[in-house]
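This is the structure I want to talk about, given as structure tokens.
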Amino acid sequence: MAERTLYNKIWENNRVAELPTGQTQLFIGLHMIHEVTSPQAFDMLRERGLKVAYPQRTFATMDHIVPTHSHQRPFADGQAESMMQAIENNTKDYSIQFFNFQSGKQGVVHVVGPELGLTRPGMTIACGDSHTSTHGAFGALAFGIGTSQVRDVLASQCLAMDELKVRRIEIHGKLGTGVTPKDVALFIINRLGVKGGIGFVYEYAGEVFDSMSMEGRMTVCNMSIEGGARAGYVNPDETTFAYLKGREYAPRGADWDKAVENWKEYASDQDAVYDEVVRFHASEIEPMVTWGVTPGQSVGIHQNLPEPSAMTNDGERRSAELAYSHMKLSPGQKPSEIAIDVAFIGSCTNGRIEDLRAAAEVLKGRKVDPAVHAFVVPGSMQVRKQAMDEGLDKIFTAAGFEWREAGCSMCLAMNPDQLKGDQISASSSNRNFIGRQGSATGRTLLMSPAMVAAAACNGRVSDIRDFNPMGEALAG
Ligand code: SF4
């Protein structure tokens, strides 16, 4: 049957039943769990005397509450330590593979799944974290879920889901120098709005995504949720297969060849029918930075911060006024006038090896401004090791960055990495909501890892294209 999108194909392949509620019961191929949203789910299983339906389809790691100065146990924070003990006990009791510190494979859940080859095209994936959409980069349908749904998936390997519409977002042309996948993600959210994707899955297509690395595609899919979409994906292609080949859990030998043939079938048909198609050109995108308290409140680095009075939508204007009051910024200001206190490179959005390479490239031979506290948190132990094998840790530390252990860190500050008071951070993470980085008055500016590195050195938001004297295109 032609005319089907990847979304249609995966949905139909995994449909178990239509529920009386009107929802679809969907089989979940891969369930990733972590220490924060799983303990109560396991407690609920125990209360009802239920087993984990498919322990071999469930994989665990620890990331949110992990301190990144040191992985030394027991953790100083008693609550964090008890969450760790809970996931250790639960994975043991239910025979679930657990990527702990000793395995050398611990890390942020959305970094670990792809790098181990657990995330594959055509799959349905669920995890108790909003940014599960990351895995869609592989041509999978990946959904962030809450604790009660974690329980449901543990008990039944199924989720009750509402059917979604598909919006194809095409970006044609070639990205300019210094414009990275993070800028693409922020640009899309800025144009379509933080609620623009509600009820949709986003399919990313066009030359920009065709030529984007898997890590870049993960960055864009990761932020689909920030644009309101339930999931985001890129159709699987040779870039996808090359990334997966040889990964620990990827098929091997004859199974590999069969798998690739099967994966190709999932890509949207040439004549697929979409609910909506929107098109942009790469030349419209410049390095981006947020100025407000939603990821949609952003500007290109050369634009001035917008005037709320010029906003015709009441909600948008009120949201901008609230943002200015919290951020202590003013309409008309230039991004380059914003001084920063903290520089954070990490998270499942931008804590992979390409992100670290891009930031290190900026930092070579440079120093962090003495007023800035800068630290880099690799997305996983494997990313950390790879970076150290390449000598990136030395570049970071020579520049004045702290080199940390893997974890979520200041993406959400459920650990010791937190802003203090009204500090302002340049952050490679995904959310700039009020309080997200650990202080109710803290302020977050989202940008690419290279831009964070540039801001760290200049002590203020900077255009990476002016900053990099080589004028080279920067990945990441
Ligand atoms: S890095 Fe942030 S978004 Fe990603 S899994 Fe951790 S807390 Fe969630």
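Just so you know, glycine gets a Cβ as well, placed from its N, Cα and C.
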Need a hand: TrEMBL gives C408, C411 for [4Fe-4S] cluster, which of C348, C457 is also on that list?
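My reading of TrEMBL gives C348 as the candidate in that site.
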For C348 ([4Fe-4S] cluster binding site), name the DSSP secondary structure in the helix/strand/coil scheme.
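The three-state answer is helix.
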Would you say which of the binding-site residues C348, C408, C411 has the most Cβ atoms within 10 Å of its own Cβ?
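It comes out as C408.
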Residues other than C348, C408, C411 within 8 Å, Cβ to Cβ centroid, of the [4Fe-4S] cluster site?
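Filtered neighbour residues, in order: D63, H64, V108, H110, H131, G346, S347, T349, G351, G379, G407, S409, L412, S429, N430.
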Taking DSSP three-state, what's C411 ([4Fe-4S] cluster binding site) in: helix, strand or coil?
helix
